[in-house]
Amino acid sequence: MDVLELLRVSGSNMYYSTFLADAWCYYISNQITMTMYLYCALGVLSMLFIGWFVYFKRLARLRLRHEIARSLSAVTMASGGDLRGPRFRKRDKMLFYGRRMLRKMKNVSGQMYSSGKGYKRRAVIRFARRILQLRRENMPLEVRTVEPPAEYLEETMEGSDRVPPDALYMLQSIRIFGHFEKPIFLRLCKHTQLLELMGGDYLFKITDPDDSVYIVQSGMINVYISNADGSTLSLKTVRKGESVTSLLSFIDVLSGNPSYYKTVTAKAIEKSVVIRLPMAAFQEVFKDSPDVMIRVIQVIMIRLQRVLFTALRNYLGLNAELVQNHMRFKGSSQGAGPSVYCSQTTRQATGSASATATAAAASGTAGSTHTAVPRPASSLSRYSQDEQHTLSDPNPGIPNLELSGDSVNTLFGEVNGGARLNSYPPLYHQRESDGNLSTRRGSITQQEQPEVGPVPSIDMRLVKSSAVDSLRKELGLPEQDAHIIDPFVEVREMEPNVTLITEGNADDVCVWFVMTGTLAVYQGNADATRIKQDKTDLLIHYVHPGEIVGGLAMLTGEASAYTIRSRNHSRVAFIRRAAIYQIMRQRPRIVLDLGNGVVRRLSPLVRQCDYALDWIFLESGRALYRQDESSDSTYIVLSGRMRSVITHPGGKKEIVGEYGKGDLVGIVEMITETSRTTTVMAVRDSELAKLPEGLFNAIKLRYPIVVTKLISFLSHRFLGSMQTRTTTGAPGAPVEANPVTHKYSTVALVPITDDVPLTPFTYELYHSLCAIGPVLRLTSDLARKQLGMNIFDASNEYRLTSWLAQQEDRNIITLYQCDNALSPWTQRCMRQADVVLIVGLGDHSHLVGKFEREIDRLALRTQKELVLLYPETASSKPANTLSWLNARPWVTKHHHVLCVKRIFTRKSQYRINDLYSRVLLSEPNMHSDFSRLARWLTGNSIGLVLGGGGARGAAHIGMLKAIQEAGIPIDMVGGVSIGALMGALWCSERNITTVTQKAREWSKKMTKWFLQLLDLTYPITSMFSGREFNKTIHETFGDVNIEDLWIPYFTLTTDITASCHRIHTNGSLWRYVRSSMSLSGYMPPLCDPKDGHLLLDGGYVNNLPGHLWRYCRASMSIAGVFPPFCDYRDGHLLLDGCYTNNVPADVMHNLGAAHIIAIDVGSQDDTDLTNYGDDLSGWWLLYKKWNPFTAPVKVPDLPDIQSRLAYVSCVRQLEEVKNSDYCEYIRPLINKYQTLSCAGCPETYGLNPSDLFSEDEDCDGYISEPTTLNTDVRRYQVPRGGNSLSLSETEMDMDSDVEMDLKMERKMDKATQSTPPLQSKAQILRRKHSKEEARHEWEIKREQKQELAREQELERERELSQKGTTAGATGYTPNAVIATQTSLIFMDEEDEMDKKKTKDNDRDEVRGSAEDTGKEKEEDKENRSNTNNETKNYL
């Protein structure tokens, strides 16, 4: 909240309509008198206390004297009355008084718990506690631990003692070729040899045969590369357990082509022992196990593609450098070509080879890994025959093929917008978006309209025969096997610019053989999406006659990463993917020839990189590198998930970031040559590629473009890290560390009990995720159906892992539905999951089952989140969430999900599948809790931040209405000060009517003066004790915890004990809301019960951000007005959050929100101050102030200066939020309302949302320009009627008739504010009649506009459905909706004209009323005052 206006004590301030300012002035004027009275009262009380103390002391002495005298008289009587008789001996005296004292102590101890002096003492203590407020309330239940468990941040230190070191090193080294069964591994071990090298000895030199895999058992080996000028560069240093090998040489050796070292040498740095494994050993194994050979070649091709043709291109900018510029044609293919391929009618000269040839070997690869299911032989043969029959028919009526952005005709038909000919369906029914694909296709420039001409019938037999013979030779098949491929070979003749396959297409992958003409290979610009320019595809290379293309995509089974078009009139022969797989079953050796064709295209640079690359496999919990280790390499995550953890000097560990597939790890530390700043460990089983420092240096020297690419890449990382550090403040975090983004690729779903409807829940979540992008749902039954009943056996582990990796690559998210028991499938789901969702029923028992504990044991480092389901018919809100969380300390986050009735219906599995087969055809509800959960999992959550501003915060109600009408869902809410109160109300109710009602009731309570007067106290810390203020917030929320809210919520307070801001995501709601509203000087800070820290209004450091009411109260602790709120957890004092961050959009972004709407209602400082020179006289200011004939000066007074100093941090944070690219900053028209004018809240609640904004940034009510955060982000469809200015009657939050009457009455009152005051009775009647007519006309126009808006919305839906562009790609962007739905926020021009017309009519009717009598004037005033009073009473 803001204290600028309140602290300015001036007699000219007449706008303070609250008693608070008057009370403050009264205190200042009577301070001396009050202090004197107080000192007198304290003096009297002190004297009474001293007199009471002296009296009792003297009374005790008198009693003691009487006892002594009585004892002496007794002794005298015993001695015969002679005072001079025997005296009272000392020992007898000691015994006597000892017995007396013991007798008294016994009596006192017996009376302590009954009555007497002990009872009085306890009564005094109780009275003192009541006076000094030392009582301690019963503390509510709290979360036991909010920190992650120790295993979550620690690596696994267990070793593999059962395996000998040499066997372990060899096993790890040959894993780059895939998984080998134990018998095959033992056969390979028989061929190993041990080599002992001294320092300086060569392991291999140039011209030595490259036919072995070398594994360092001990010592160190340095690998060098020789340049053309004779100089050498170090590529990498091979240490213990690492290997030296080349995957490309491995394929050469298997293909029968001898390979030699041409530019690479290896020398021992010190005495070393090396294990040598000849590659010929693999040939013997592959003869007996051809299926293993196919698997090994596929693994090699996949890894080469992911690193060489993805990582080096994206991170280093290498394209043309990855392939050879020229390739020698095979004599057999080229010699037989021209005489057979070309005919008199179709022959055309091919273009000259271009020098810009680039990644030819990779043409037709990339994207997601998914292998299509091959068709049966009969269907493929019949399919090919039909296709040949169509081609052999000399029908000239073949349609033209055109290239456009929306619909691209390819060789197989229309890709987008029409049915694709001869395309195979995917493995599963998935809902995918073609938005990215259409963008890539549309970027190819069409030169002329292409046509596909039929092959003349007279040449068809010879052309087909020659094509079969050429493809047979390319595949390495003998002549007698020509009949195997003959049914699958197809021939096409194309005009220029015909697209064979598009980038990202996985259905039309083929092996293409060029017979005549030339094919052009293109690839999308990797920087186009980032720099928003140069979006045309890059020309990679040309494919000439006798060359084959598409082998890499065929071997990897992934989608094509390139677009292939005919450059001129061309004729091609091709075999489809399913046919190749069928041929591969009969002749497995064709994979070697396809792989060899890929390898022959690669440049020497790729081979050198292949020697330097290392492939690393990490099990869950293993460390990639540790903090303070030397950094000599960087890593590329190929699969899995990594976590970066920093260890502080005190031993505390903190998460810095997480890395997923495709991320680069440790590059900044390697380039800067500094030690590792964090420890990086594997969250789950992961695969990485290691790029050493020497390789980077060699590439930088040869290709300077790499330096430019690295600078651009590191600049973006540095900018992102700077925005993160401003809020997190982690000084030791590396620059390239990613924040812990909540974007997962694999999700495991685990039921707590058997009665949890896990299958319907998975279907509902799948339905919501389909609106964001391609998603896949996997169960144990589906896995067995696709891969066989024995797929979960140990022998099939690699096959299952590879298949799951392909599914994960093809989809943005994969759902793993676990079984209800600890089956092998459940264990596999735990190993594959990035996050585990533990699903339970919210109204059932919270006890932890045995199965759930086993799940935690299997995935120690995997993040786990709790999902509690509630029926839609449930009348109560979530409760007892703390019991669920305390029983599961391993849970890091929880979600409350409201479910429809069909989820809890007891049905068989077959009926459930049948039900959701129909449900999946409908559009998901983007406002449902399932959609909110889907956006959270994919990293597309939408956050709403409500800033502080005192009574101006009532405008948040109007903003909530506007957001609701615009169809924008709210996934997370954060607030400060009054924003904490409004945000907590929305998260608790999620109904604008209830929120408005409770907010009005709270505002009415704040305007009751007699309650506030009773709360006044001696202003040492604050003006008010805060007891009544606590009561109003407590009555609003009750004993609700933040954990029980439907929507994730946080509030921000200022901790004056630790001098920082605090973010509250759990605990007592009302307390932290109260603390966030503790404005300094008015309320005492709230004492945090956790640690005893004092918390103030969070707006002092960041003005846009247990039991629920406590933290709400803490967030509203206005310093000086209300006392700081003491946190019941640690005792820290909490104040209003506006002192640190009044609009905590940055905090919301760090909590996982991708798109944020920030609403600022704080006051604006006057920056137009008077320049008074080098010194300032207070007498001169007093003269300027009192002299009405001098020009006024603007000089801040002492309270104003102190207030501005308190808000320095807040202003800086606000500017950063305005300039951020993830936030949409909005400021309504609320400057005319004062910070503490709670009496104006009802008027603010009644404002139309469209009346709160203006397009001028300088004016109050500003909306920042919408920025496009992601061009591929899905824009949800706005609900029908959402684009209309008028409120739909079906969406009215209150009673529609009464609400419209009140709105119309307010508009009429505004129109008549400037009219003359004197009116006759006839004029008053005419004005009322005109009001009714204007109201009727306005309602008619409103209905007409609603109908027109509905018709326009329906028409737009039809157009979108026809174009097929309603599917999304990644998520939802509120900025786009705000940009397109401006009419929902800004004032409608027609409504302005209506109000202006009504105002003019009223002005004309009342004109000439100046001669009316004073009696009529009084009657008119009375009528207007009655009307206003009735309206206010209703509000």
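Cβ coordinates are placed from backbone N, Cα and C, and glycine is handled just like the others.
Keep in mind the model is a prediction, meaning the values are calculated, not measured.
Per Swiss-Prot, topological domain 'Lumenal' is recorded for 1-35, and the stated evidence type is sequence analysis.
Sequence annotations record features per position, and here Swiss-Prot assigns topological domain 'Cytoplasmic' to 57-1435.
Packing around GLY256 (nucleoside 3',5'-cyclic phosphate 1 binding site) is summarised by its Cβ count: 10 other Cβ atoms lie within 10 angstroms of its Cβ, all protein chains included. Feature annotation from Swiss-Prot assigns nucleoside 3',5'-cyclic phosphate 1 binding site to 176-303.
Within 10 Å of the C-beta of TYR522 (nucleoside 3',5'-cyclic phosphate 2 binding site) there are 22 other C-beta atoms, taking all protein chains into account. According to Swiss-Prot, the nucleoside 3',5'-cyclic phosphate 2 binding site annotation covers 474-601, on the basis of sequence analysis.
ARG622 (nucleoside 3',5'-cyclic phosphate 3 binding site) is surrounded by 16 other CB atoms, counting those within 10 A of its CB over all protein chains shown. Annotation comment: Swiss-Prot describes 590-717 as nucleoside 3',5'-cyclic phosphate 3 binding site, evidence class sequence analysis.
Look at Swiss-Prot and you will find 944-1110 tagged as domain 'PNPLA'.
Taken from Swiss-Prot, the feature motif 'GXSXG' applies to 975-979, supported by sequence analysis.
What Swiss-Prot lists as active site, nucleophile is SER977, and the listing cites sequence analysis. In this structure, SER977 (active site, nucleophile) belongs to neither helix nor strand by DSSP; it is coil. Counting every protein chain shown, the number of other Cβ atoms lying within 10 Å of the Cβ of SER977 (active site, nucleophile) is 41.
The active site, proton acceptor annotation in Swiss-Prot covers ASP1097.
Residues or ranges marked as compositional bias 'Basic and acidic residues' by Swiss-Prot: 1330-1361 (among others).
If you look up Swiss-Prot, you'll see 1393-1424 (among others) marked as compositional bias 'Basic and acidic residues'.
In space, ARG702 is the closest of the binding-site residues LEU538, LEU638, MET670, SER686, ARG702 to ASP208 (nucleoside 3',5'-cyclic phosphate 1 binding site), judged by Cα positions.
Confidence in the domain 'PNPLA' (944-1110), given as mean pLDDT, stands at 79. ALA506 (nucleoside 3',5'-cyclic phosphate 2 binding site) is 48 Å away from SER272 (nucleoside 3',5'-cyclic phosphate 1 binding site) when you measure Cα to Cα.
Packing around ASP208 (nucleoside 3',5'-cyclic phosphate 1 binding site) is summarised by its Cβ count: 15 other Cβ atoms lie within 10 angstroms of its Cβ, all protein chains included.
The distance from the Cα of MET554 (nucleoside 3',5'-cyclic phosphate 2 binding site) to the Cα of MET670 (nucleoside 3',5'-cyclic phosphate 3 binding site) comes to 36 Å. The secondary structure of GLN586 (nucleoside 3',5'-cyclic phosphate 2 binding site), as reduced to three states from DSSP, is helical. If you compare Cα positions, ARG622 (nucleoside 3',5'-cyclic phosphate 3 binding site) sits closest to LYS240 out of the binding-site residues LYS240, LEU538, SER570. When the Cα atoms are compared, ALA506 (nucleoside 3',5'-cyclic phosphate 2 binding site) and LEU638 (nucleoside 3',5'-cyclic phosphate 3 binding site) turn out to be 20 Å apart. The CA atom of THR192 (nucleoside 3',5'-cyclic phosphate 1 binding site) is located 45 Å away from the CA atom of GLU654 (nucleoside 3',5'-cyclic phosphate 3 binding site). Taking only the Cα positions, the spacing between SER686 (nucleoside 3',5'-cyclic phosphate 3 binding site) and LYS240 (nucleoside 3',5'-cyclic phosphate 1 binding site) is 21 angstrom. Candidates ASP288, GLU474, SER570 (binding-site residues) were compared with ILE590 (nucleoside 3',5'-cyclic phosphate 3 binding site); those inside 10 Å Cα-Cα are GLU474. ALA506 (nucleoside 3',5'-cyclic phosphate 2 binding site) falls within neither a helix nor a strand when secondary structure is assigned with DSSP, and so counts as coil. All protein chains considered, the CB of THR192 (nucleoside 3',5'-cyclic phosphate 1 binding site) has 16 other CB atoms within 10 Å.
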